[in-house]
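S.K.: Supplied in structure tokens, the structure appears directly below.
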Amino acid sequence: MLRTRGPGSILDPPLGGRREAIERELKKLRAEREELDGRIRLLESQLEAGPAGFNGAAAGKGVGDDACGGSGACQSRVGNGFAPDGSLPADMIYRYSRHLLLPDFGVEGQRKLSQSSILVVGAGGLGSPLALYLAACGVGCLGIVDGDDVELNNLHRQIIHKEAYVGQSKVKSAADACREINSAIKVVEHHHTLKPCNALEIARKYDIVVDATDNLPTRYMISDCCVLLNKPLVSGAALGLEGQLTVYHHNGSPCYRCLFPTPPPVAACQRCSDSGVLGVVPGVIGCLQALEAIKVATGVGEPLCGRMLLFDALSARIRVVKLRGSSPDCTHCGENSVFTEEDFQKFDYESFTQSPMSDKAAASVNVLPESARITCREYKKLADDGEPHLLLDVRPAHHFQIASISPSHNIPLSMLEEKLPALEASLKEAGEGSALVVLCRRGNDSQRAVQLLREKGFANAKDIIGGLQAWGQDVDPDFPVY
């Protein structure tokens, strides 16, 4: 009899699914009620403030891709809330008073910020604090582009979203949150994944682009797009317990291709969905991205041009290292570059980097013949029929502790070759002629393990197609998914 251990292994009562749906609907309705209450309070405060409070009362309603019109002209209010003589109305003075009190920022800094337009690419772990702070600080027009929906496993780090928005568009969720914090700005929703076919059209409407994505081909694409449009690019990254931040293509700083003309090996490109990330780490980097975008927009301070900030969460250490300058030989921003907008739209970034343009899991590999693989259902039948076998789980030990199929033996793939004698002994204990079935999270590492095992003489080794992910989909829907 197969058993699973780990959170979620106990079956819900028959009405559990219905109860969960009702609770989710209640959360959604309560969130909508809170939003309406907030808008009512805002309108009431504007009425109490008199004529000054009416300035921009209906701002922030732009939602379509056409709401931001033309070459950096995305503006939230007539004159961005400033009087003809350049003075601020009472409501803006009160809202941004702590900015205005800063000698290095003051009225001029707020004016420049309110006249700027910034595009945030990605409404995830980096984009969440980034968008919230840009909205709260009063950027004139905030564009948000993302093609994904909110998932429950986003919420530990993507703090702009709420449980009530699970299953809904990330852009809508993020835009609603930004409008709740500041209804006086314009928020433009781009419900797409940014691609070569739409990136130029979207990005050319904004003054500054901020890369808050999590994959290599998109980084190259956004950098190339900003070079073609001559836009500054604030780029951040966070993975595991580390993060980094810099400003590309601004004040003589290099573009991404200047530093990395050749993509790194696929094995070196990790993703949050594979390697994990502590929730606060993208929060730290996202806040710093907002700071850099504000510095670029206002001309206040020294942006991280030609420098890269490195953050180590475990040691609480921040270092800033110098980068080499823009390369005159760069194929995209160099003096003799012939890269055009037409070239950009035809460029295959996934083939160039050998990576998918998605923040989700990497694509499945297929390196074994069909005879060396079995499905989850075939394995379940084998186990239920009591056929002698050994189930080998080759995930890292900390993955095995999250959830596993019992009984199974855990030998991480990285240690498999040195543990072969112990594996051989365990296989003998399982009985003569026992099958060796190999399992991992998604069915990729298990194939690599079977390749190694067959080379070392374990001729009957087979892997389970799709791994534990397929097990949860096809055999046990209550098995914990991570």
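Glycine too: its Cβ is placed from the backbone N, Cα and C atoms.
Reproduced below are the annotations present in Swiss-Prot:
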- Gly125, Asp146, Asn153, Asn154, Leu155, His156, Arg157, Lys170, Asp214, Asn215: ATP binding site (BINDING)
- Cys255, Cys258, Cys330, Cys333: Zn(2+) binding site (BINDING)
- Cys272: active site, glycyl thioester intermediate (ACT_SITE)
- 385-480: domain 'Rhodanese' (DOMAIN)
- Cys440: active site, cysteine persulfide intermediate (ACT_SITE)
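I'd like to know what surrounds each of these features in this structure.
M.R.: Residue density at Gly125 (ATP binding site): 30 other Cβ atoms are found within 10 A of its Cβ, drawing on all protein chains shown. According to DSSP, Gly125 (ATP binding site) sits in a coil region rather than a helix or strand.
In three-state terms derived from DSSP, Cys333 (Zn(2+) binding site) belongs to neither a helical nor a strand segment and is classed as coil. Listed in sequence order, the residues of the same chain lying 6 or more apart from Cys333 (Zn(2+) binding site) and placing their CB within less than 8 Å of its CB are Val227, His249, Pro254, Cys255, Arg257, Cys258, Ser326, Ser327.
Model confidence over the domain 'Rhodanese' (385-480) stands at 95, taken as the mean pLDDT rounded to a whole number.
In the three-state DSSP assignment, the secondary structure recorded for Cys440 (active site, cysteine persulfide intermediate) is coil.
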S.K.: Which residue, out of the binding-site residues Cys258, Cys330, shows the minimum number of other Cβ atoms inside 10 Å of its Cβ in this structure?
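M.R.: If we count Cβ atoms within 10 Å for the binding-site residues Cys258, Cys330, the smallest count is at Cys330.
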S.K.: Starting from the Zn(2+) site formed by Cys255, Cys258, Cys330, Cys333, give every other residue of that chain whose CB sits within 8 Å of the mean position of their CB atoms, in sequence order.
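M.R.: Output for this site, in sequence order: Ser223, Val227, His249, Pro254, Tyr256, Arg257, Ser326, Ser327, Thr331, His332, Gly334.
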S.K.: Where's the emptiest Cβ shell within 10 Å among the recorded positions Leu155, Arg157, Asp214, Cys255, Cys272?
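M.R.: Fewest other Cβ atoms within 10 Å, among the recorded positions Leu155, Arg157, Asp214, Cys255, Cys272, is found for Leu155.
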S.K.: Given the recorded positions Asn153, Cys440, which one's Cβ is surrounded by the fewest other Cβ atoms within 10 Å?
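M.R.: Counting other Cβ atoms within 10 Å of each of the recorded positions Asn153, Cys440, the minimum falls on Asn153.
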